[in-house]
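Engineer: Handing you a structure now.
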Amino acid sequence: MIRFDKVTKTYPTQNRPALQNISLEIERGEFVFVIGSSGSGKSTFMRLILREERPSAGRVHVAGKDLAKLSNWKIPQLRRQIGTVFQDFRLLPNKTVEQNVAFALEVIGKSRPTIGKAVPEVLDLVGLGGKGGRFPNELSGGEQQRVAIARAFVNRPMVLIADEPTGNLDPETSVGIMKLLDRINRAGTTVVMVTHDQAIVNQMRKRVLELDSGNLVRDQSRGVYGYVR
Amino acid sequence: MRAQFVLSEIFIGLRRNLTMTVAVVVSAAVALGMLGVALLMLFQTSHMKDYWYNKVEVSVFMCTKDDATLHPATCANGQASQNQMNSLQSDLTANPLVQQVFPESQADAYARYQQQSAGSTSGTSMAQYVTPDQIPASLRVKLKNPSTENIDAMISSYQGQQGVETVSDQRTILQPLFKLFNGLTVSATTVAVVMVGLALMLIVNTVRLSAFSRRRETGIMRLVGASNFYIRLPFLMEGAVAGLGGVAVATLGVASFKFFLIDRVLAPNFTFTSFIGWDKVLVTVLILIPVGLLMAVGASALSLRKYLKV
């Protein structure tokens, strides 16, 4: 599903590469944690998958496509197959929950009947059935993150990328979000999650990729955080 | 493509930056209005140059039957005879100052008069009462070197000959008008150029503000895979709507220029030449529409390239 071939990324203003000679493969349907301290290259890793950045050297393949060969006007097609969730939710405050989720479909030109059917379905899936008319500021942090996940998932992407989705949430709420992501993963979607949350990584026992200063220092299936300073 | 969605985005955007939108509309209107005035003046100048202006410097008008009483000194016999006109023509052709002579019969002159009057509002009513024998036949003369001295020499040597009603210097008649129109063209063009620059900068800034105030939306659109076109369309349409607003206001300006200045002031005071009609105003507006759209959409596109990463 996602393959990195000796990928190096150097930003023009920096001498040290943000990622150095990374090779890895993430299979369809996997659940992968990406861990590492700040500046270890996690964000760059995500941005390369989304084709927000191009590698300085090496190849990135996502969903069977070589991103180096992907022309600019085809990038949106790629991004429709990747759902993205962030630590800060990034909901539109002047739209209701339903409108926030529908927005993702409207802007890729889906028809009204399709939207009318898909939005309530996905809201039920994330456990927000009946809260479609609320505005984001009327919801708890956990509920807002569920809306963000609903928006990322409503187009049924093949990959879901979550950038510290529990970073702003208390441990109990985080467990709920992880259960939701696990459910989405079990339904066949590949999930790549960047996190600092040791408890979650240790509890889930999924594959762990650890980055340190741009190097892939650990790739362990059923791993733990194991990150002691 | 969801039209309703795009439309609502456009109006949300325009309303959010209302003051900037107004500024864009006004400056685009002034720019396009000035451009329109310059165009009208160019039309008017070429309209006036069309017939004799480019060809002749001096016109020798022959007597008509009414001149027996009006100009008894040279037109005592009333209507000038064909013989008088023929001999005058050969005399003019032999003159060393003259390059070419174009004779114009009364019938030709009448036809041209009717044609010229057709385009002007002030001439129409008069044209109905004019008959061919009231319009003088003439010899239109092109000089080898149309200097003021040569023109004066021509006037003094032919004015006063039998059968000649009057000899006129074509240039001095139309010169004040041409000066006025050229002055208007130059100043309107200058203002138009400055205002187009101003309007472009305002549009670039408005779109930039708009893109900034909607960066959350566009960020999400990017992430969920909206096409570049879809992301940019509301901004481009915002520019287009503002540009069309400018065209609409400019149309009012151009129309009132034609109505108040040309029809009310110029036409009654310069009756010997005809002025452009409303058809030319329409042509001008039809030129302004694509210019306004291109300006607005082009500036928006430029601004988006710079401030909206897709």
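A Cβ is built for glycine as well, from the same backbone N, Cα and C atoms used for every other residue.
OK, TrEMBL features for this one:
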| type | residues | note |
| --- | --- | --- |
| DOMAIN | B:56-167 | domain 'FtsX extracellular' |
| DOMAIN | B:191-309 | domain 'ABC3 transporter permease C-terminal' |
| TRANSMEM | B:21-43 | transmembrane segment |
| TRANSMEM | B:184-207 | transmembrane segment |
| TRANSMEM | B:240-261 | transmembrane segment |
| TRANSMEM | B:281-304 | transmembrane segment |
Engineer: Near the transmembrane segment (B:240-261), which same-chain residues lie under 8 Å Cβ to Cβ, leaving out any that are not at least 6 residues past its ends?
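Structural biologist: Tertiary neighbours of the transmembrane segment (B:240-261) are 10, 14, 21, 24-33, 35-37, 40, 199, 203, 206, 276, 278, 281, 284-285, 288-289, 292-293, 295-297, 300.
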Engineer: Using DSSP, break the domain 'ABC3 transporter permease C-terminal' (B:191-309) down into helix, strand and coil residues and give each count.
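Structural biologist: Counting residues by DSSP class gives 105 helix, 0 strand, 14 coil.
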Engineer: Within the domain 'FtsX extracellular' (B:56-167), how many residues are helix, strand or coil going by DSSP?
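Structural biologist: The breakdown for the domain 'FtsX extracellular' (B:56-167) reads 51 helix, 22 strand, 39 coil.
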Engineer: Taking the domain 'FtsX extracellular' (B:56-167) alone, what is its mean pLDDT?
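Structural biologist: So the average pLDDT across the domain 'FtsX extracellular' (B:56-167) works out to 80.
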